[in-house]
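Asks: Pulled the feature table from TrEMBL, pasting it below:
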- 1-26: region 'Disordered' (REGION)
- His78, Met80, Gly105, Glu126, Asp151, Asn183: S-adenosyl-L-methionine binding site (BINDING)
- 85-269: domain 'Ribosomal RNA adenine methylase transferase N-terminal' (DOMAIN)
Amino acid sequence: MTRGLSPRSSELPRHLQVPQKGRQDKSCCGSSLDLGRIRVILTHNITCASKRSPDDYHATLKTLNSRGRRPRKSLGQHYMLNAEINEQLVASANVEEGDLVLEIGPGTGSLTNVLIDAGAIVLAIEKDAHMAALVRERFADTNRFKVLQEDFIKCHIRSHMLSMLESMGSLSEKTRYAKVVANIPFNISTDVIKQLLPMGDIFSEIVLLLQDETALRLVESSLRTSEYRLINIFVNFYSDPEYKFKVPRSNFFPQPNVDAAVVKFKLKQAVDYPAVSSTKSFFSMVNSAFNGKRKMLRKSLQHICTPVEIEEALQNVGCLATSRPEELTLDDFVNLHNSIVRV
């Protein structure tokens with residue numbers, strides 16, 4: 001009897017492998033490959049949409065197998081097997097005809113396919129050279145797609161996007177801003193967020209598939225909890241985040257140890273940022289505050305001014321003189337900065 005796929009295995013079991021040309025796979029249905037049989041095998045784990053994109057879970061597995069590719073753990077690769085989730089991602093970003101969309105880590109191109117079907121022009125950044133070649137070949141017949149084989153964390157995304165916007169002649173209001181729609185590796189999610197959120201002059205909205213725990217922490221963390229961190233101040237300074245929906249782990253191959261979730265960040269324009277004299281000095285202060293999270297602010301910020309001055313500033317903005325960083329809202333930090341930092 002053929003063994004099934006272990007939930008965390010990155011190797012396809014025999015009953016999901018696509019036979020090479022001239023060979024017959026008898027493990028499914030006797031003399032020939034039965035695609036219907038494959039769909040029945042998979043549907044116990046995957047919610048099927050009533051009307052699927054042509055690029056469904058079978059197409060993803062078939063593509064990986066035909067190229068002899070296995071997901072690389074070092075790159076955090078987990079491929080989406082549910083076409084309906086891809087469609088919901090695109091819908092969450094309100095992607096329309098003519099939109100310029102940045103996709104990070106296109107993989108086999110399943111989400112890319114839905115974006116192009118929605119009328120988007122897609123710029124994809126793919127670190128894996130093999131997957132970059134795969135999607136470049138797959139979408140070679142369309143002028144709506146460009147892939148760059150680069151590490152997103154190290155690439156000059158601003159210059160890439162400006163170049164694309166200029167080449168589109170995007171002077172009209174509709175195409176003035178681009179969007180981001182991506183199923184990103186969980187292990188780079190914080191780095192991606194830190195790089196993209198301050199780019200409200202380039203992007204209007206960002207829709208990311210993140211680890212569910214991370215998504216909840218970014219959107220719903222409350223004051224006076226251990227989950228309230230510097231990243232919460234950062235996210236709310238530059239955007240209005242919204243938790244959209246949860247994605248069970250069974251929708252990915254290989255199956256990760258955690259569930260995922262979709263978060264939408266509506267980016268603010270510079271004129272809408274909280275009023276601080278310098279964003280650099282503001283985040284330097286906030287970073288110092290959270291580096292000494294267990295310390296009172298009068299101690300962790302004493303390199304800026306004296307403890308007495310900090311106590312007075314805290315009381316002037318409506319906080320206790322003994323406040324710690326997890327007790328201050330974004331507005332509190334803004335007011336405190338403007339009281340004690342001289343730029």
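Glycine is no exception: its Cβ is also placed from the backbone N, Cα and C atoms.
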Asks: Hey, what's the Cβ neighbour count for Glu126 (S-adenosyl-L-methionine binding site) at 10 Å?
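Replies: Excluding its own Cβ, Glu126 (S-adenosyl-L-methionine binding site) sees 25 Cβ atoms within 10 Å.
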Asks: What count of other C-beta atoms do you get within 10 angstroms of the C-beta of Asn183 (S-adenosyl-L-methionine binding site), across all chains shown?
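Replies: Asn183 (S-adenosyl-L-methionine binding site): 25 neighbouring Cβ atoms within 10 Å.
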Asks: 10 Å Cβ neighbour count around Gly105 (S-adenosyl-L-methionine binding site)?
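Replies: So the Cβ neighbour count for Gly105 (S-adenosyl-L-methionine binding site) comes to 23.
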Asks: Other than its own, how many Cβ atoms are within 10 Å of the Cβ belonging to Met80 (S-adenosyl-L-methionine binding site)?
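Replies: There are 23 such Cβ atoms around Met80 (S-adenosyl-L-methionine binding site).
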Asks: Return the count of C-beta atoms lying within 10 angstroms of the C-beta of His78 (S-adenosyl-L-methionine binding site), excluding that atom itself.
Replies: 23
Asks: Taking only same-chain residues 6+ apart in sequence, whose CB is under 8 Å from that of Asp151 (S-adenosyl-L-methionine binding site), what do you get?
Replies: Lys127
